[in-house]
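What TrEMBL says about this protein:
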- B:37-59: transmembrane segment (TRANSMEM)
- B:101-120: transmembrane segment (TRANSMEM)
- B:127-146: transmembrane segment (TRANSMEM)
- B:152-174: transmembrane segment (TRANSMEM)
- B:203-224: transmembrane segment (TRANSMEM)
- B:235-429: domain 'ABC transmembrane type-1' (DOMAIN)
- B:236-259: transmembrane segment (TRANSMEM)
- B:280-298: transmembrane segment (TRANSMEM)
- B:310-330: transmembrane segment (TRANSMEM)
- B:342-361: transmembrane segment (TRANSMEM)
- B:410-428: transmembrane segment (TRANSMEM)
Amino acid sequence: MAGWLAGWLAWYLVSNTAHNLEVRGMNTGFGFIDSSAGFDTDFKLIDYTPGIGTYGQIFLIGILNTLLVSFMAIIFSTVLGFFVGVMRLSHNWLVAKVALAYVEIFRNVPLLIQIVFWYIGVFSLLPVVKKSLDLLFGTGNLILNNRGFYLSTPIPGDLFWMTSVTFVGAVIGAVLYRRRARKIQDSTGQQTKTLLPSLAAIIGLPLVVYYLTGQPLAWDVPMLKGFNFVGDTSVPPSFLALLVALSIYHAAHIAESVRAGILSVNRGQQDAGMGIGLKPGKVMRLVIIPQAMPAIVPPLISNWMNTVKNSSLAIAIGYPDVVSLFMQTALNQAGYAVEMVGMTMAFYMLVSLTISFFLNIYNKRVQLVER
Amino acid sequence: MAIVNTQRSPDRPAPISETSVVGWLQRNLFSSVFNTLLTIFMLFIIYLAVKGILVWGLFDATFIAENRRECYDKSLTGACWAGVIDWLDNIFYGRYPRDQIWRINAGGLLLVLWMLPMWLPRVRGKVLVGATVVVFYPFLAGYMFSGGEMGMLTQIMASGAIVSFALIMANMLVGLCKDMGLNSFVLEVFGKSKAADKTQRNLLLALVAALFVPAYLWLSTWALEVISWTKWGGLFLTLVISGIGIASSLPGGILLALGRRSELPVVRVLSTGFIEVFRSVPLITVLFMATTMFPLFMPEGFVLNKLTQVIIAVILFNACYMAEIVRAGLQAIPKGQFEGAHTIGLGYWGTMGLIIMPQALKHMIPNIVGNLIGLLKDTTLVSIIGLFDLLGMLRSISKDVPWLGLHKEPLIFGAVLFFIICFSMSKYSRHLEVKLSAGEKH
């Protein structure tokens, strides 16, 4: 019975849609992907020329923009969220209350209002181009104004590969060194200092090589040409507003799951950690956090998923993400409603399927360890 | 001879470091050098923030002005709340005709009164109160808000609403004064409290019918002016959308969750697919889909207005989230509960409705309320597709000629408004959680 009903419903919807498309003379099929799109966007990560570039490229630009802003927001919000979550459990009453206020304020105000506020209330009020803020004390490497945020682009010289190779080598070396230290500790109980030597190697060695090879790195500094800066890496204010709003909003949510995760660890673990003479910081890092992780990770990852989804609010402030670029602008121009909506939704589904795939792997691993 | 002190020596008072304010301060704020530094640093930050907010928002702010220029003339460093105050009616009611605003207020008051018995411990029949609100109230309120011709169904349901509202109010009064249900009170008045069940039921039904007829006749004298949905806006529209969403996403979610656990493969696969698709895409794409693709799905000539499309999208979207919450709640129910219900002879719906759901929903109250808060916040997205909800109204202040460019103050006002609503909802849910789990032993 249910099967028949479902089949009838599907047939009904499909036939209605086909009929409506025909009546309205709307285009169908995926041919539009290769046809050229006539509009430009102010932020793109791949080469694209309006009039020549295709709708397929527009789709790709939108996807990359979405992924870029959500990836950075995920990193910032996770770091900030852990920080605030630990602050929330601080023994210092004032610190805990400030963290609580942060969480409650930013969780209970709609994200869209926050995004619009950061955009209109902060990043549009930055000084005009002529009076740009120079964040690196007059070197002109980091410039902030109401047109966006400008970074100088590094241009690697001939021998720069040596610095890169040294860096990679130092990282591998540090990892191996840590592993050896861990082995020594497991067999003899002796601890070796790893953090400082590793950091010194990772930062110091490449620097030495860099200067020995004669600083083979030129900087393409933002130049004031006409009405704006050119010749550099830049992001528009809408990107910054979206990034800041997403990071702050999701950090508040992550802080709560971090706090819940830490509280889920038995109090005795902390006492025992203190009992064997570890300092509070080490108790947190070596005893509490590792045990809290299985409780923290699932909500954390669903938060990451929400970050990707919420980045679609970019449309309110004109950041060209996949929804505003493809599902709005391109759809209004070309009018392949069913296909374009379908493609956009398929992209989001793919992202969340990928993320939940990794989450499932993690959950399985954690469960195996537990039993 | 043993010397035993038979009298209990009095408790010594707690050391002063434990009880005094100074002791508290010492323990919580200045326990170490690092902590002291942290405290001072935090105090400094709080001082800066509070001072900035107070100076900008209160001391230097302008509350009375004709336009933005006048605001600036009075104070350059403070907020210009005059614009927000000037637009307050719009922020709350949208472009609803000013002489008809009483309809919105009356509708809101009706809802508050209707729900009031839920919070009064002495009043009986709370489930009935909740059920009648969901079933009848929307029809009466819908008619009050939009007006125009009343269809047969609307008139019947609205009369039902009036009757049940009257009964619930009477029940509340009886409960408050006499601490008994309305039905037993009525039976007592008629002297039938000892009569057979059937006689009692017939008497009560006759009374309800006797109330229904005058209500129905009275309603046909109503002729409210038509107010198109395009005039709805502001906080009112936000509450209408989220209210309908809240009221229907829970039943929808329960159905979907049951469908996902169903033993019929078709139902299971369809529900699962539906839930997963809607949960993995952002709400804004669902809203766009509703406005661009719903018209394509419908038979020719069948037109839904934008508000209906949006509401359907919001309901579908949130029902899927609710379904997952309900499913999690169902999974937490031990198998013995199902078996026990079968043993006493309950069927599927009896098991679910009487045994499983009440427990599952109770477990999930924090998540459900969290989701409802999310729904309320997400309602702001409808401003993106051109409805003038609260955020839409706030943003149009800056396009009004006298207040051209006034962006920040309206947004902050909206943020505070949302904060108050959402924060009190979450605090209430925590209270509810504590209250409901009070009887449980862990």
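Here the Cβ of each residue, glycine as well, is placed from N, Cα and C on the backbone.
Note that TrEMBL annotation is computational and uncurated.
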Contact ranking winner - B:37-59, B:152-174, B:342-361 against the transmembrane segment (B:101-120), Cβ under 8 Å: B:152-174
Surrounding residues of the transmembrane segment (B:342-361) on its own chain - C-beta under 8 Å, 6+ positions past either end: 254, 258, 326, 329-330, 332-333, 368
Best-contacting stretch, by C-beta pairs under 8 Å, relative to the transmembrane segment (B:280-298) and drawn from B:37-59, B:127-146, B:203-224, B:310-330, B:410-428: B:310-330
Tertiary contacts of the transmembrane segment (B:203-224), as residues 6+ beyond its ends and Cβ separation under 8 Å: 103, 143-144, 147-148, 150, 155-156, 158-160, 162-163, 166-167, 183, 186-187, 190, 192, 195
